[in-house]
Every structure is written in structure tokens, then in C-alpha cells.
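Undergrad: Pulled from Swiss-Prot, these are the listed features:
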ACT_SITE  His117  active site, pros-phosphohistidine intermediate
BINDING   Lys11, Phe59, Arg87, Thr93, Arg104, Asn114  ATP binding site
Amino acid sequence: MAIERTLSIIKPDAVAKNVIGQIYARFEGAGLKVIAAKMVHLSRGEAEQFYGVHKERPFFKDLVDFMVSGPVMIQALEGENAILKNRELMGATDPKKAEKGTIRADFADSIDANAVHGSDAAETAAVEVAFFFPGMNVYSR
């Protein structure tokens with residue numbers, strides 16, 4: 001099994017619900033290590049740049065508006081098959097379709113306010129981790 005890194009963002013809705021610790025416990029329970037973390041309030045420019053891949057999609061403006069609506073908790077996770085494990089923990093994008101016991105089923109309200117973001121592939125994970133944690137801010141342990 002490969003040790004991977006992935007990016008996770010706990011979105012403004014979940015931060016406002018004060019469930020960061022509960023979500024971290026799920027990461028750790030699945031064998032994922034938090035190797036970098038910070039709480040930030042994204043600027044519109046940061047959110048637009050980070051989600052730039054979706055720029056032409058009809059939901060782009062609403063996504064950016066939501067991501068700048070309050071603080072987010074950003075973390076790099078590391079572990080065996082970290083990308084897939086994190087995506088399984090998150091559940092389906094639409095919390096109404098997410099399996100019971102997933103982060104989105106338990107903490108998200110809608111497809112827009114869906115509690116968490118997670119990298120979808122190794123290539124995007126590398127880009128996303130570097131976006132928020134450039135250089136020496138990531139510590140394997």
C-alpha cells in the first residue's frame with residue numbers, strides 16, 4: 001500500500017457547527033495523520049484561484065461565495081491510500097445521497113454547504129497541498 005498525502009478542507013458550515021474535533025477524530029480513526037493544518041478566512045481571490053478548475057461551471061460563483069462566508073480549517077493528511085480513505089470518510093457530494101456515518105451525512109446540510117472538500121486524485125492532491133502549504137509547512141511524522 002502506498003503512503004499518500006491529500007488535502008482536506010473543513011468548510012465554513014462545519015466550522016460554524018463546531019465539529020472540527022469530531023471530523024479530526026474520524027481522520028485519525030481511519031489511520032490518517034494530520035501533517036499540516038491551519039484555520040483561515042479565504043479571500044475571494046484565494047477561493048477563485050483554488051477552485052479555478054470549476055470557473056466555467058454554473059455553480060462557481062456560489063461556491064466561491066460560500067467558501068469566503070466564514071473561516072475554514074485546512075489540513076494535509078497522510079497515510080496509506082489517504083486520498084481514497086478521505087473520500088470514503090467524506091461520503092457523496094450530496095449529503096442526502098451520502099451513506100450514514102459519513103462526514104457529509106452527519107454534518108452537511110446541502111450539496112452546497114457540504115461540510116468538507118477532499119482531493120480527488122494524486123495529481124490534484126499534490127497541487128492542492130502545495131497551494132495551501134508551500135515549502136516547509138508539511139511535516140511527516
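Any Cβ shown, glycine's included, is placed from N, Cα and C.
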Undergrad: At the Cα level, what's the spacing in Å between Lys11 (ATP binding site) and the residue listed as 'active site, pros-phosphohistidine intermediate', rounded?
TA: 7
Undergrad: What residue among the binding-site residues Thr93, Asn114 has the most other CB atoms lying within 10 A of its CB?
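TA: Result for the most crowded candidate: Asn114.
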Undergrad: What Cα-Cα separation, expressed in whole Å, is found between Thr93 (ATP binding site) and His117 (active site, pros-phosphohistidine intermediate)?
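TA: Given the Cα positions, Thr93 (ATP binding site) is 9 Å from His117 (active site, pros-phosphohistidine intermediate).
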Undergrad: Could you tell me which three-state DSSP class Arg104 (ATP binding site) falls into?
TA: helix
Undergrad: Here are the recorded positions: Lys11, Arg87, Arg104, His117. Which has the lowest count of other Cβ atoms within 10 Å?
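TA: Comparing Cβ neighbours within 10 Å for the recorded positions Lys11, Arg87, Arg104, His117, Arg87 has the fewest.
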Undergrad: When you look at Lys11, Phe59, Arg87, Thr93, Arg104, Asn114, which the record names as binding ATP, what is the longest CA to CA distance in angstrom?
TA: 21
Undergrad: Hey, what's the Cβ neighbour count for Phe59 (ATP binding site) at 10 Å?
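TA: Its Cβ has 12 other Cβ atoms within 10 Å.
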Undergrad: Hey, how far is Arg87 (ATP binding site) from the residue listed as 'active site, pros-phosphohistidine intermediate', Cα to Cα, in Å?
TA: 9
Undergrad: Where does the residue listed as 'active site, pros-phosphohistidine intermediate' sit by DSSP, helix, strand or coil?
TA: strand
Undergrad: Between Phe59 (ATP binding site) and the residue listed as 'active site, pros-phosphohistidine intermediate', find the distance joining the two CA atoms and give it rounded to the nearest Å.
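TA: Roughly 15 Å, rounded to the nearest whole number.
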